[in-house]
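*Asks:* TrEMBL lists these features:
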type	residues	note
DOMAIN	36-114	domain 'Peptidase S24/S26A/S26B/S26C'
TRANSMEM	20-40	transmembrane segment
TRANSMEM	139-156	transmembrane segment
TRANSMEM	162-178	transmembrane segment
Amino acid sequence: MGWIGESVDSIKSLQIRQVLTQAVSLGMIVTSALIIWKALMCITGSESPVVVVLSGSMEPGFKRGDILFLHMSKDPIRAGEIVVFNVDGREIPIVHRVIKVHEREDTGEVDVLTKGDNNYGDDRLLYAHGQLWLQRHHIMGRAVGFLPYVGWVTIIMTEKPIIKYILIGALGLLVITSKD
């Protein structure tokens, strides 16, 4: 019975090592993704260097599901640029074009008015109650490039959470059942 007991202990020990190895590997993947994201934030100067277009308000230039790459420099914001901005009281950032820039002579601060290319009017109805202009602190970044349709993965997982849970479950099963 000693040999069988040693074999069982050896197998248990091996399984524990595999589980620990997989947990460490998963931790390294998550940590690497966070490091890459933080590095992109430092390089681009934007709090969110990548965003997904969630509506058709910028068609035909950008379609729903396109991924935009952002950069935020100290250069003045100009009419015609496409910016991503946050509005107080809204959780999701908005991608629209700057249509007017108003510089205050007394302070040098710049006020910005935006509009979706596919929208009839400007964005003042989207801004916080009583707000007529965006200030620089509202703007997360300027669009400097895009990948068409790649963001649909994010949209599908947000709109159909069951798909997200199935995907997470399948990945979990893959990790549990994989051999080194």
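The backbone N, Cα and C atoms fix where each Cβ goes, and this holds for glycine too.
For each listed feature, how buried is it and what is near it?
*Replies:* Each residue in the domain 'Peptidase S24/S26A/S26B/S26C' (36-114) has a pLDDT score, and their mean in this model is 90.
For the transmembrane segment (139-156), the residues of the chain that approach it from at least six positions outside its boundaries are 44-49, 51-54, 62-73, 77, 81-86, 93, 95, 112, 163, judged by C-beta separation under 8 angstroms.
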